[in-house]
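Written below as structure tokens is the structure these notes are about.
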């Protein structure tokens, strides 16, 4: 009885739109003619879609791996040092900036002008001062995806650090002290005590980052608009749905994105329930 309003709200604003999206994915661009699996065949054979899948995989590996690794390293290194609060505040600060705001900031960092012209972009100013030619960080296909990925790493390393820092501080001091008495060095303590004892938190942070990366859109949209081979699944979905007005293909891409995210969410929920039972 008490959860009925919440269930009604969930049905109206989550379940019904999801079912409608799945339904539209089996129709043509105008949602008039049933086309079966044609849109799904398109999604897994179209060159642009395959590029988007490849880019999302690249984001998934690099952003998740580097953000979590850096967050863990920083959490361990600054633990219990005098300037811990200041260091953590500075590293966490980018989290206060929206994706769009961060993209605008980094546009100035990556700004490019032809060789011989004064460089207003911070990165190209450094490059040219060292005697090299300026680089079109957002237009050269060999580097533009990595340039975009760096933005999200900058944004979310602080998030990973804060969560993992709390887990590191939760390790009993007597366990660490006993290990030191037994002759364990810092490296052994890190791999044999710290990592095993915060493994559940590491998994939660990693899966959370996976979900965030799969949904990435703002950075790509603001920085490149998905051009020059930087398309990702979410940006392609927006283009098909709103730019090209192809509701069938747009819905299909949305369903695929949902199918990629839901298993990760379910894994997180199950892990949370398992931890609750242990408490």
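Including glycine, each Cβ sits where the backbone N, Cα and C put it.
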Listed range which Swiss-Prot flags as transmembrane segment, given the options 146-166, 167-187: 146-166
Candidate ranges 37-57, 58-78 [criterion: Swiss-Prot lists as transmembrane segment]: 58-78
Maximum Cβ pairs under 8 Å to the transmembrane segment (202-222) - stretch from the list 58-78, 90-110, 120-140, 146-166, 247-267: 58-78
Folded-back contacts onto the transmembrane segment (58-78), same chain, C-beta under 8 angstroms, at least six residues removed: 84, 87-88, 91, 145-146, 149, 152-153, 156-165, 167-168, 190, 194, 202, 205-206, 209-210, 213-214, 216, 232
Contact between the transmembrane segment (146-166) and the transmembrane segment (7-27) (at least 3 Cβ pairs under 8 Å, separation 6+): no
Top Cβ-contact partner of the transmembrane segment (7-27) among 90-110, 120-140, 247-267 (pairs under 8 Å): 247-267
Positions on the same chain near the transmembrane segment (120-140), where near means CB under 8 A and six or more residues out: 107-114, 147-148, 223-224, 228, 230
